[in-house]
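Some features that TrEMBL has for this protein:
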DOMAIN    3-99  domain 'Pyrroline-5-carboxylate reductase catalytic N-terminal'
BINDING   I7, G8, G9, G10, N11, M12, A69, V70, K71, P72  NADP(+) binding site
BINDING   N56  NADPH binding site
DOMAIN    162-266  domain 'Pyrroline-5-carboxylate reductase dimerisation'
REGION    216-235  region 'Disordered'
Amino acid sequence: MTQIAFIGGGNMATSIIGGLIREGAVSPDLIHVSDPGAEQRERLTRDFGIVTHESNLDAISSATVVILAVKPQMMKAVLEPLQATLNTRQPLLISVAAGISLPTLKEWSGCTAVVRAMPNTPALTGFGATGLFASEEVSLDQRNLTDTLLGATGLAMWVQTEAEIDAVTALSGSGPAYYFLLMESMIDAGIKLGLSEETARRLTLQTALGAGKMASSSDVAPDELRRRVTSPGGTTEQAIATFEGAHLRDIVKAAMDAAARRAAELSDELGNG
Ligand SMILES: NC(=O)C1=CN([C@@H]2O[C@H](COP(=O)(O)OP(=O)(O)OC[C@H]3O[C@@H](n4cnc5c(N)ncnc54)[C@H](OP(=O)(O)O)[C@@H]3O)[C@@H](O)[C@H]2O)C=CC1
Ligand SMILES: O=C(O)[C@@H]1CCC=N1
């Protein structure tokens, strides 16, 4: 059986682990996580029944798949003491870190079969979205294993070039935060229009869920679904005109450009050392 080690047990690792266990994709005793935080480790054991370690070396000692889920800025320091073991054992290495390139990951880890994955936190619910890109040394079996693991947390898609991972980061990696910001804004505006906090929150969340479900389960494109809500001379028309007048599309484009640019910057900042 495949033993999986997560290095770093924070937000993204927790979401993937939760998704894997929720779907029954991996038995909890085959998931090992290392994290320096005692509270973090206790939470992971309590919530998921997985095996936790303070030492990263202990976590990877029998793993066939090692998932790197630490901040990009920590990656070099985390991999340095693991390099000899990883180089000898050659597990499939999957990094979820933004902006750390495959050549850099290979150099720092001593692994050849390396996958860059860009997941998102809705993985926890089974509705994650992940972009994947593999080094050429990744075998078909390892690709299939990657598909099985990340596919258990939602949609998993291979992209054609490594550069696309920065675009995926700007779109679906960071994307949940964009929707959460819109939700926050709608709740605040609903309260200002006279609703109670609870009413504004529950109606906002249900509307987000309904719109997401409708758009993803329908063959009808989002622009047509939007038109179907927008009665001529009605209320939605006024709201949409306000969004368009404030150049919402340009704002979204600028925001995603900034996120993708930051991913590339991280690669430049962290990749040379
Ligand atoms: N959050 C997200 O939505 C997404 C994140 N990612 C990527 O996932 C990675 C992790 O991000 P995220 O989960 O948000 O960050 P978190 O800070 O929540 O998780 C990182 C975890 O790693 C721990 N850690 C720190 N140092 C070490 C070490 N030496 N060895 C092992 N673990 C260590 C941290 O502990 P402590 O807190 O005590 O320092 C923390 O618990 C990043 O590279 C990010 O780019 C990718 C897609 C989406
Ligand atoms: O903000 C970040 O850098 C990470 C990567 C994508 C989502 N969170």
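Note that Cβ sites are derived from N, Cα and C of the backbone, with glycine treated the same way.
Location within the structure of each feature annotated in TrEMBL.
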residue : record               : DSSP (3 states)
I7      : NADP(+) binding site : strand
N56     : NADPH binding site   : helix
A69     : NADP(+) binding site : coil
Checklist outcome for this item: Sequence-ordered binding-site residues within 10 Å (Cα) of N56 (NADPH binding site), taken from I7, A69, K71, are I7
Checklist outcome for this item: Counted with DSSP (H/G/I as helix, E/B as strand, rest coil), the region 'Disordered' (216-235) has 11 helix, 0 strand, 9 coil
Checklist entry - If you draw a 10 Å sphere around the Cβ of the residue listed as 'NADPH binding site', how many other Cβ atoms fall inside it, taking every protein chain shown into account? => result 24
Checklist entry - Greatest CA-CA distance (Å) over the residues I7, G8, G9, G10, N11, M12, A69, V70, K71, P72 that the record ties to NADP(+)? => result 14
Item to check | Helix, strand and coil counts within the domain 'Pyrroline-5-carboxylate reductase dimerisation' (162-266) (DSSP) | outcome: 87 helix, 0 strand, 18 coil
Checklist entry - Where does the mean pLDDT land for the domain 'Pyrroline-5-carboxylate reductase catalytic N-terminal' (3-99)? => result 97
Checklist entry - Just how many other Cβ atoms lie inside 10 Å of the Cβ on N11 (NADP(+) binding site)? => result 11
